[in-house]
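Some features that Swiss-Prot has for this protein:
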type: SIGNAL; residues: 1-29; note: signal peptide
type: DISULFID; residues: 62-117; note: disulfide bond
type: DOMAIN; residues: 135-229; note: domain 'Ig-like C2-type 2'
type: DISULFID; residues: 161-212; note: disulfide bond
type: DISULFID; residues: 286-334; note: disulfide bond
type: DISULFID; residues: 376-426; note: disulfide bond
type: DISULFID; residues: 470-519; note: disulfide bond
type: DISULFID; residues: 561-610; note: disulfide bond
type: DOMAIN; residues: 948-1045; note: domain 'Fibronectin type-III 4'
type: REGION; residues: 1151-1256; note: region 'Disordered'
type: COMPBIAS; residues: 1151-1171; note: compositional bias 'Basic and acidic residues'
type: MOD_RES; residues: 1177; note: phosphotyrosine
type: COMPBIAS; residues: 1193-1202; note: compositional bias 'Basic and acidic residues'
């Protein structure tokens, strides 16, 4: 039994109150449980017009349900049908269905008639429709003799079919004797009556087997008419003989074969009438003849043809309108037209109507004492008559029921009792038919029960509707309540819809919709509940779509279709070609998500679709394969897509809108995706933000919107080349205002003064405001107190100052957004603090432990937390040197500060000065500043090693002594006990000699070293020492002089320079670098730095260049041996001049050759003039060159080697020869200038280096 639910009220509130549906007494599409007492209900019956196959048994159905089970009876032709008296008739057990056995004996025609079934129990009786039983008939065609038909080319023709009348009417079609359908066209077609019409005949119409067939579906038989022969001839073939032999009947020559305007073959005349019943298919037909073949047009004179229900059949010769109604009545005109004219025919259509329901009566379940109504409302043309029956008996003669009142098409029940239960029949009839409906009234008292299976699991794809069933029953009618979870969480009206039958609908199911839902049914007799479970699954999506492909014939192509799906659902991928199965060809192969087509052929071109199916959903994507010839083609020009256009907004809702667009040209590269941007003209005009992205195959997008935003949208397309220009903006769409859906972020509470609390937050922007009048509700209260919240509503600002607060007290703070529509959700409280003040108490019990001469450890006791009056940031130590134990360093030094974070109560003081007095104090620090200082605590550092002496200079160098001068260390770090001097010689190969140690009293600042080697370089190491040990050293180098006559070098010392640093960049792979252009006798500080990934590191050292050395050559111009030599040379020159003068005066020649050969001197070679006599008077005895200042050997012979060495030793080298005038080419010590033309010898003093080397 099905009951109708009519909602009276829906109730909804938050905070865990369930969604409640109040229902009255009518329940729709709901069965009364079969274990409850109920009147009969007809569940199955044969059709009203029941045509049977006479060769099979007759089965007349009648099934019903009820409690107790009903009994069945039949009437035939209005009288009781006693099945017990007819051995061929039986009734199925537990059923009212009749079976008439006519296959063994009997005839179907015997059982023709009108049958009606009645199902009855103690609560009432239900009746079936009147079932008209008729056997089907398929009579044979009457035998007839059909003469051949001969027509002139171009004449019209109608081949009659006229099948025998059968039941039901036969289906007509024309075929040849090979059972092939005859071709039809605008010229040749079959009419609705089965005749075959030729608008004009052609020679190709000639054939002898025009056969009309009639198919009778019920008997599955086909009847055949005798074949008709047709011959079409031309005018030339008509001669007198043929014409004489043909009768008028045989020769259809009434109409000329010349061209002619149309005339109608059917229907006849200019007007006709057609009547059709409402809901049927209206078929109008116009077939015309003419030459050329006419074309048919249809119009409705008083209106438009209904576009969705109008169809043209039979080459527009038949107009069909489906599901006709009274509104389709009117005049329809068909127009036949060819080149020679047109003809019209008007068909007047009247639509009548058999009865149809406006409100059919529904079963009614009432509890004792309740009221109810049965309504039976029908319409038709003509208007149907309504009559009531009760339990199959006209209500006028039925037993009277005081709870019942009839009012036309309505029966009103009041204060019903159990005896009021009955089955009522409503009959609506007119001349075109009738409607009969059964509806029971069942009076029950029954507590609620849930009919849906317990713990039913529903699985739904995300973002799709979810329908949770709660079929129920009870009397009185229960109220339905839905809870989420077993304890009942709130159901929001914009998320849930409760249907009349108790079904809960979630229009857009989300992941958070997953869970258990409880349905509760209640009435005054009790309650029942049921739990169902909902699982939300991820949708199946194709994340890699097959792509458009252009391949050459004979090549291979692959399509990929990658699917993303819910992990609990297993998809199956199916490939289709042009929406059909793939060809059964081994060239097509599929593997998981790939389709491969090998040896591509022309027929392989088309649309390939991959479909991923799961048990809950599916997804599809398509790509086009284009097959081209394997000849080279010009390369296409690829570019970014053209912008989309024709943007349109549809389905405009408060929080969503559908955007549709038309893609631009893809410029030979398929579009892979569309990017949608929006502009908020109200809050951020001119600023476009990202909204969504969709695949390149979509042209619509469902966009989620925010309240109170004036949206404009634009779309960009993207392919493998790049992104298109934006489309033109869409029309603007202003969404409705709503309360804010979020609160400000970054809420903080920090005081700036000891008596205030500054509450700050990041304001919402205009897009987040969701409506006009954005404000903030600021609330605060002390965290540890019982105070109520204090609140204030402020304008759209970002801070609020609370004054008069205690110092540094924790507060709970909330900032809630609101606008003219309402409040945002309740925000969570955050903790802040009122303003800080300076700490009140100094750390106590300060202790100092000296670790070594440069390090001390300080300990102190922490201050009480309340005295900090703020966030404890740490402790700060101030320390300073009050005085140094050394007399040299008793000067004021500024205080130094060390801060120790957090709650530490000790710390180390590094970098102290040894042998010094220090003082310190400790202070606590918070966000406001420092507290008072502790009592100063003094301490003393022990002695340490001293620093290097401040300077070191080498003064007054002599042949065997050097004097050192220095300044004491700048930081003695204790009492100096002595100085330590170490030195060692350095030879010409820079090797160091033995090291000599020397201790010097601490009160000295000058010291002379004696008994040193002359002209020797020494390296000195000098440092001071205390009782702790030696300090850093300072180094220096110096050279003793050659002799006392030398010019004393300048003082050499190591001190501080004033020059700026010079920088040289050196390749990182080198390990040395030469410094040039340094000053002699100067100390330099060298710093070498390296920079890499870990940072910059450096080291430095001090070195000193050597002193400028005085020349080790003695001034020979003042030496006695040199003066004597010069006198001898001058005398020799004078003698030579005298000899030359005498010889010239005498003009004689002297034999001096032998003498020259005997005493050949390589230094004095004969240099003859033209007469060959010059040089014969050169006497070796007169030339006495010196060898290192010694006398000539006793044998008075001068060797070449000695002479050469002598001259070279004096700096003249190979140029130390005589000129023609007897003078030296080279000069000693440069005392005499040379002539300009005399060689390249320099007139300057000899090199000090060469002079020094001559003495080594």
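Residue 1 is the first one shown; counting continues down the chain.
Cβ coordinates are placed from backbone N, Cα and C, and glycine is handled just like the others.
Source: prediction; values computed, not measured.
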For residue 426 (disulfide bond), the spatially nearest of the disulfide-bonded residues 117, 212, 470, 519, 610, using Cα atoms, is 117
In all the protein chains shown, the tally of other Cβ atoms within 10 Å of the Cβ of residue 376 (disulfide bond) is 25
Same-chain residues at least 6 apart in sequence with Cβ under 8 Å of the Cβ of residue 62 (disulfide bond), in sequence order, are 42, 44, 45, 46, 72, 74, 95, 96, 97, 98, 117, 119, 128
Check: min Cα-Cα distance from residue 334 (disulfide bond) over disulfide-bonded residues 161, 470, 561, 610 goes to 161
Argmin Cα dist to residue 212 (disulfide bond) over the disulfide-bonded residues 470, 519, 610 returns 610
Filtered by Cβ under 8 Å and at least 6 apart in sequence, the residues in the chain of residue 561 (disulfide bond) near it are 542, 544, 545, 546, 573, 575, 593, 594, 595, 610, 612, 621
For residue 286 (disulfide bond), the spatially nearest of the disulfide-bonded residues 376, 470, 519, using Cα atoms, is 376
Residues in the domain 'Fibronectin type-III 4' (948-1045) per DSSP class, helix first, strand next, coil last, are 0 helix, 57 strand, 41 coil
Lowest 10 Å Cβ neighbour count of the disulfide-bonded residues 212, 286 is held by 212
Residue counts for the domain 'Ig-like C2-type 2' (135-229) under DSSP, helix then strand then coil, are 3 helix, 38 strand, 54 coil
Sequence-ordered list of residues in the chain of residue 519 (disulfide bond) that lie 6 or more positions away and have a Cβ within less than 8 Å of its Cβ, or none, is 450, 452, 468, 470, 472, 480, 481, 482, 502, 504, 529, 530, 531, 532
Rounded Cα distance, in Å, between residue 161 (disulfide bond) and residue 376 (disulfide bond) is 47
Excluding its own, the Cβ atoms lying within 10 Å of the Cβ of residue 161 (disulfide bond) add up to 23
Once DSSP output is merged into helix, strand and coil, residue 286 (disulfide bond) belongs to coil
Rounded mean pLDDT within the domain 'Fibronectin type-III 4' (948-1045) lands at 90
So residue 117 (disulfide bond), by the Cβ count within 10 Å over all chains shown, scores 26
DSSP output for residue 426 (disulfide bond) maps to strand
Across every protein chain in view, the count of C-beta atoms other than its own within 10 A of the C-beta of residue 334 (disulfide bond) is 24
Row residue 610 (disulfide bond), column other C-beta within 10 angstroms, all chains, value 26
